[in-house]
Amino acid sequence: MGGKPAGEEAYGQPLKHDPSFRGPIKSRGCTDVICCVLFLLFLLGYAALGVVAWLYGDPRQVLYPRNSTGAYCGLGANKEKPYLLYFNIFSCILATNIIAVAEQGLRCPTPQVCVSSCPAALWAVSQGDLSRTVGEVFYAANRTVCLPGVPRDMPVLQSLERELCPGFLLPSAPVLGRCFPSPNSSQFEFPGISGNTSIDQGISGLLDSLNARDISVKIFEDLAQSWYWILVALGVALVLSLLFLLLLRLVAGPLVLVLILGVLAVLAYGIYHCWKEYQLLRDKGASITQLGFTTNLGAYRSVQETWLVALIVLAVLEGILLLMLVFLRQRIRIAIALLKEASRAVGQMMSTVFYPLVTFVLLLVCIAYWAMTALCLATSGQPQYVFWAPNASLPGCEAAPLNASCDPMAPPANSSCPGLVCAFQGYLSTGPVQRSLFNLQIYGVLGLFWTLNWVLALGQCVLAGAFASFYWAFHKPRDIPTFPLSAAFLRTLRYHTGSLAFGALILTLVQMVRVILEYIDHKLRVAQNPVARCIMCCFKCCLWCLEKFIKFLNRNAYIMIAIYGKNFCVSARDAFMLLMRNIVRVVVLDKVTDLLLLFGKLLVVGGVGVLSFFFFTGRLVGLGKDFESAPLNYYWLPILISVVGAYVIASGFFSVFGMCVDTLFLCFLEDLERNDGSAARPYFMSKALLQILGKKNDAPPGAKRKKP
């Protein structure tokens, strides 16, 4: 059953028969209470963090554009002026780092003003307008594009020198609340602007040569015309996933055999191809001694030693796989039988298939709450305004109070410095929230990871409780409890919130360390220190392996919690010992299940992708006008959405199936150790598993289980 006695003692004694055991224990108590209290206190602090962020934050700076005085367009006094106009879009050429521009709210180093509508035609101040007043040139022509408070009797020349009014207007359209001109290659000559500067260059500094308006409009048009066909594609993915799981009880054996033979055939072809390449290069005399050492890895394809090594590796893998088929065929049959039993369990409890929707909604809530909290924290603080000039080296700017605090609502400063304005600089960091901003953001990230891991742990424990109820039902489906999924959900929330929080916290701490290492690695890339990079890579690899192991251990610990109701540490120890006593069966089942689910995902995603490609490209003919896709600007967009959606749906369905297989496997191992097939200790496993193991129950089929 589990190997030699010495091995059994090393990993604990086999479980003894418990006559009172009838599946998931109903009479249980709360576990890991201390961790439950800590988790609830942490959630209270997380909620308080959200309240503080909402009170002190100002997310409007992301949602609404802001003019040079810091006022928001479309709000308050500018309610009728929802768009932001840039005086000199060409100044954006200096903003070559689009990431930095995005962090600053798409602001350019030029005066900006809120307007009711974007300019529709090209206009520029003429030579004769320079001697006229602002009221005559701008206000009389209904051009309300000057900064607030500019007097009507101010000469136009003076307003242009101080950059209180724009010297030109370009035909533009609103994008993200900003007036952006249409990019083109035309050259325009304006006062103070280089003749080699084009409109396209100005916008490139802000949006990196991206015509965001045209692309976004076309994308929305495509989605509006194809959304219902995308839903049909997702429905096809749902049906294919469900059919694949339900039909596994009929085709699991042949399908696994075909997949294994397919892997053998691929390896065999690889061996043949490597041998032919090796022969060809050997006859040419191409050797690695002639090539020497080079950093061009592609050059090694032209030497015979490369293909010889690949041939040896593939031959070893082929031999190992053949030996596994010969000596582990019995365990492969057990794995196939468990897959069939899992398909049967999913068919008996169809509600489990749709439980990932609950998990998905909870994950969305956690992510949305963190995103809003982080956004409000990042925008907390009082706005700060300072004097700013476009060119501080001009005559008259020597005594200008540059970078000094100012009041944006005060009248324009009477200064000889051209273009001196009171501009928004940022948000003050002197408040209690701002001084602790970094620590609060770290607390938010910790809350994000912990809540996400707890939601995933809840889903695993609930599904494990439902599927364990199926296995430990002696007469299936008659003895399966009513509403097993709901009962498992309520039982888990009532008794094991602390245990789930404990396991989620361990995983969260490892993930936080990985995030810190990623940050350090990002900083070290600038130094280009190969030794430090190598050490960092080793640390990251070790932590990745540790995270995978903790996820595996947590998953099996949650299964034991769902069955026995013990605390996290005891459940993790019992699950680990049970698996180590049956390590060969664990490896075989894990690989067979992974291979089968991988094939299922490829089948669903590939099928939906191929159908979407032929449909949206118009290659499916003869379906009638009602079943034809409308012409699209980007036919790849609905195809991509359909493929990604199909993968998400298939992953959700198959995650339920994978949890079912793991739960039934642990129950199967315990069944072997607890029972012997006698009338007093009958096996709970299916007849197919009994036949494979050469065992049987003494109690005749249909007989009631003898009470102790």
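Glycine is treated like the rest: Cβ placed from N, Cα and C.
Look at TrEMBL and you will find 33-56 (among others) tagged as transmembrane segment. The list of residues near the transmembrane segment (33-56) in space but at least 6 beyond its ends in sequence, with Cβ under 8 angstroms from a Cβ of it, reads 369, 372-374, 376-377, 380-381, 431, 433, 440, 443-444, 447, 450-451, 454, 497-499, 501-502, 505, 568.
The transmembrane segment annotation in TrEMBL covers 227-248 (among others). Same-chain residues lying 6 or more positions outside the transmembrane segment (227-248) and placing a CB less than 8 Å from one of its CB atoms are 255, 339-340, 342-343, 346-347, 353, 596, 600, 603-605, 607-608, 611-612, 615-616, 629, 638, 641-642, 645-646, 649-650, 653-654, 657.
Marked as transmembrane segment by TrEMBL: 255-272 (among others).
Residues or ranges marked as transmembrane segment by TrEMBL: 307-328 (among others).
Within the chain, the transmembrane segment (349-372) has long-range Cβ neighbours (under 8 A, six or more residues past its boundaries) at 50, 53-54, 59, 242, 245, 444-445, 447-448, 451-452, 455-456, 458-459, 462-463, 466-467, 470, 480, 484-485, 652-653, 655-656, 660. Annotated transmembrane segment per TrEMBL: 349-372 (among others), in sequence order.
The transmembrane segment feature in TrEMBL is assigned to 454-474 (among others).
Positions annotated as transmembrane segment by TrEMBL: 495-517 (among others).
Residues or ranges marked as transmembrane segment in TrEMBL: 557-580 (among others).
Residues 226, 229, 233, 236-237, 240-241, 244-245, 248, 252, 255-256, 259-260, 263, 332, 335-336, 339, 629, 632, 635, 638-639, 642-643, 646-647, 649-651, 654, 657-658, 661 of the same chain, all 6+ positions outside the transmembrane segment (592-616), place their C-beta atoms under 8 angstroms from a C-beta of that stretch. Under the heading transmembrane segment, TrEMBL lists 592-616 (among others).
Long-range contacts of the transmembrane segment (636-669) within the same chain: residues 219, 222-223, 226, 229-230, 233-234, 236-238, 240-242, 245, 338-339, 341-343, 345-346, 352-353, 355-357, 360, 460, 463-464, 467-468, 470-472, 555-556, 559-560, 562-563, 575, 578-579, 581-582, 585-586, 589, 593, 597, 600-601, 604-605, 608-609, 612-613, 616, 629, 684-685, 689, each at least 6 residues beyond the stretch ends and with a Cβ under 8 Å from a Cβ of the stretch. Annotated transmembrane segment per TrEMBL: 636-669 (among others), in sequence order.
The list of residues near the transmembrane segment (495-517) in space but at least 6 beyond its ends in sequence, with Cβ under 8 angstroms from a Cβ of it, reads 28-39, 445-446, 449-450, 453-454, 456-458, 461, 536, 539-540, 543-544, 546-547, 550-551, 554, 557-558, 561-562, 565, 567-569, 571-572. Note on the transmembrane segment (454-474): residues 21-24, 39, 342, 345, 348-349, 352, 355-356, 358-359, 362-363, 366, 480-481, 484-485, 487-489, 491-493, 496, 500-501, 503-504, 554-555, 558-559, 561-563, 656, 659-660, 662-664, 667-668, 671, 682, 684-685, 705 of its chain, located 6 or more positions outside it, place their CB under 8 angstroms from a CB of the stretch. Beyond the ends of the transmembrane segment (307-328), by six or more residues, the same chain brings 260, 263-264, 267-268, 270-271, 274-275, 277-278, 281, 584, 588 to within a C-beta distance below 8 angstroms of the stretch.
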